[in-house]
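Shown next, in structure tokens, is the structure this report addresses.
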């Protein structure tokens with residue numbers, strides 16, 4: 001079972017910001033920044049990111065400049081929708097040749113901040129698109145899923161990355177796991193909204209403690225995505241409860257130990273030759289590169305996988321930190337490229 005820390009820290013999902021026009025017309029107040037969290041970030045990220053932090057802070061603290069990508073659902077494709085996106089000024093996110101880019105993966109973005117209208121869930125009717133932070137797709141692309149592979153999405157809710165995986169390939173089996181029961185229900189509804197029933201037969205849903213999956217299913221999967229529970233920088237900055245925010249910050253330093261345990265479990269669940277992609281939506285070095293370094297230094301059967309080609313190709317659309325290791329990338333939110341934070345690293349089991 002996850003500790004109480006995890007139950008407090010993990011459930012940090014934050015509703016998307018309203019568009020500026022809607023805010024003006026309805027007179028709703030903007031979200032309020034939690035000063036306790038911002039002060040903590042100032043101290044930590046000035047040290048870790050240097051001058052880049054001031055530019056990142058400007059975006060993170062201004063929800064009205066955040067952007068949302070539109071991931072098309074190949075199982076409910078609409079040419080009318082695609083034409084509408086073009087008319088509204090959206091363009092394809094991936095316009096260059098990537099090391100791995102399935103033709104069935106279509107995602108559109110706009111330079112203009114805002115959010116395309118969301119579609120409601122209707123039983124028996126598939127949605128045509130999924131709204132997400134475009135940086136989320138980098139972990140899926142880094143995984144390089146192929147038809148017939150056995151794939152584990154270890155911490156899958158709310159389901160966006162699982163949906164993206166299924167746009168890329170037809171896995172032999174996709175195991176979507178989410179420990180939190182409420183988030184697991186959200187995950188199930190997401191999958192039912194986007195995936196046709198016949199394909200659902202290839203998907204297993206579970207609510208297992210991710211740290212136990214390696215022992216329960218040793219050397220079973222070809223690919224594992226560990227989008228680890230983390231200190232979500234965007235959400236935490238707008239914590240409405242100061243006491244909860246303070247508690248989160250106190251417990252933040254313990255998260256990396258949990259992430260290491262989850263990553264060890266992911267490696268145990270991999271078959272020899274299989275690969276795992278580790279990702280978070282935080283800028284924190286302790287939860288990102290330090291976790292990967294710990295695993296590489298302590299696991300003799302794990303090697304880093306170079307993803308620098310992926311980073312180079314997407315650098316026009318994403319603001320990336322320079323000087324990272326070849327097996328990792330870190331997306332910094334920037335004006336006009338308000339994607340991330342997103343950390344991605346890839347490892348292989350020998």
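Backbone N, Cα and C define each Cβ position, glycine as well.
Under a cutoff of 8 A between CB atoms, and with a sequence separation of 6+ in the same chain, the neighbours of residue 281 (active site, nucleophile) are 133, 230, 232, 233, 234, 340, 341, 342, 343. Marked as active site, nucleophile by TrEMBL: 281.
Sequence-distant neighbours of residue 157 (S-adenosyl-L-methionine binding site) (same chain, 6+ residues apart, CB-CB distance under 8 A): 178, 180, 183, 184, 186, 187, 190. Residues or ranges marked as S-adenosyl-L-methionine binding site by TrEMBL: 155, 156, 157, 158, 159, 160, 161, 178, 209, 227.
Across all of the domain 'SAM-dependent MTase RsmB/NOP-type' (60-350), the predicted model scores a mean pLDDT of 95. Per TrEMBL, domain 'SAM-dependent MTase RsmB/NOP-type' is recorded for 60-350.
Largest Cα-to-Cα span within the S-adenosyl-L-methionine-binding set 155, 156, 157, 158, 159, 160, 161, 178, 209, 227: 20 Å. The sparsest Cβ neighbourhood within 10 Å, among the listed binding-site residues (155, 209), is found at 209.
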